[in-house]
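Trainee: Below you will find the structure I want to go over with you.
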Amino acid sequence: MALDGPEQMELEEGKAGSGLRQYYLSKIEELQLIVNDKSQNLRRLQAQRNELNAKVRLLREELQLLQEQGSYVGEVVRAMDKKKVLVKVHPEGKFVVDVDKNIDINDVTPNCRVALRNDSYTLHKILPNKVDPLVSLMMVEKVPDSTYEMIGGLDKQIKEIKEVIELPVKHPELFEALGIAQPKGVLLYGPPGTGKTLLARAVAHHTDCTFIRVSGSELVQKFIGEGARMVRELFVMAREHAPSIIFMDEIDSIGSSRLEGGSGGDSEVQRTMLELLNQLDGFEATKNIKVIMATNRIDILDSALLRPGRIDRKIEFPPPNEEARLDILKIHSRKMNLTRGINLRKIAELMPGASGAEVKGVCTEAGMYALRERRVHVTQEDFEMAVAKVMQKDSEKNMSIKKLWK
């Protein structure tokens, strides 16, 4: 059907309007894509600008620090009032200095390291305490799993060390009520293998204190003054983590008696011991810092180290008697798969003069004999052969090294 002239014109105008609309819509989409792209570029540039501004700010702060005058490092003695502090600066001496308004006076505690301005001696920064990484490694992170129940034949020693170490830490009010000073330290001495280190680990387990273990040989350094510095930092770390226990094993390596003569190495060891004596006199017993020392040679220790006030109690660890050896055998054979009828008392009688470590070694050797014969249980014969192996005292054992290696 043919359309009239006006209708035909309206149809053509509608088609033209529809095409024009599609054209403008496509243009709008293109422009929108361009706007989105430019917006994304703008955001990226803003992020880069913020990053560069942060770098500039850090560089300005670093430049300001580099342009600042140097500071003196001192140690706080005590606070005089709300605005003044007594500070010890080595080697100049002690000074009463002002505290910067940005520093809270409550944060300025005795023995903390601070920075003083070079021109006015104003305290403007609190510094962290300086501790050698080697000293930090001496702190035992994991609490030892040894308990008093794992120690046999040392009931008297356990009671004494509880009175000196555990009781002051858990119940200091008892000593205040009696009006007596808390003990500072204890010395464990006796032959090797009698349980000194084991008892120290059990004390650390039951007191729930920071346990710092150090061997005396670790404090012997080749450079002058290094050993004394490590001793100072050891006690600084103990004060920071109080309540704490410092266990010094093999103390005879630095605590031997002083002689008139001696080489340079001996004088350095003596210097380390003098610093240890100074620290034992310097820190207060009420600060919850206890010292446990262990040695096999109490006869060579310096008398200045053993006097009361430094070492308040000396606990002897003798070789276990028959009953003690029986208790140790029961403890170490508790988890072993034993056959019925094993007479542990007879085994204890076969080991006169044996140490606790040797008794434990007998249990281990008995298990090795059973393992060698592909058995899953240990017999009385295994224990007897283990005793014969561990306790053999023939003539070869007493030979000198020179004869032994000929």
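The backbone N, Cα and C atoms fix where each Cβ goes, and this holds for glycine too.
Residues or ranges marked as N-acetylalanine by Swiss-Prot: ALA2. According to Swiss-Prot, the feature phosphoserine maps to SER120, an assignment based on a large-scale study or a structure entry. Swiss-Prot lists 186-406 with the feature region 'May mediate interaction with PRPF9'. Look at Swiss-Prot and you will find GLY190, PRO191, PRO192, GLY193, THR194, GLY195, LYS196, THR197 tagged as ATP binding site. Annotation comment: Swiss-Prot describes LYS222 as N6-acetyllysine, evidence class a large-scale study or a structure entry.
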Trainee: Determine, for the ATP site, the additional residues of the same chain whose CB lies within 8 Å of the mean position of the CB atoms of GLY190, PRO191, PRO192, GLY193, THR194, GLY195, LYS196, THR197; present them in sequence order.
Mentor: ASN296, PHE317, SER355, GLY356, ALA357
Trainee: Pick out which of the binding-site residues GLY190, PRO191, PRO192 has the most other Cβ atoms within 10 Å of its own Cβ.
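Mentor: Selected residue: GLY190.
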Trainee: Sort LYS196 (ATP binding site) into helix, strand or coil using the DSSP assignment.
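Mentor: SS state of LYS196 (ATP binding site) = helix.
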Trainee: Which Cβ among the recorded positions (SER120, THR194, THR197) has the fewest C-beta neighbours inside 10 Å?
Mentor: SER120
Trainee: Quick one: pull the CA-CA distance for THR194 (ATP binding site) versus the residue listed as 'phosphoserine', whole Å only.
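Mentor: So the Cα of the residue listed as 'phosphoserine' lies 60 Å away from that of THR194 (ATP binding site).
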Trainee: Write out the long-range same-chain contacts of LYS196 (ATP binding site), meaning residues 6 or more apart in sequence whose Cβ is under 8 Å from its Cβ.
Mentor: LEU188, TYR189, GLY190, ALA294, PHE317
Trainee: GLY193 (ATP binding site) to the residue listed as 'phosphoserine': how many Å between their Cα atoms?
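Mentor: Counting only the Cα atoms, the answer is 60 Å.
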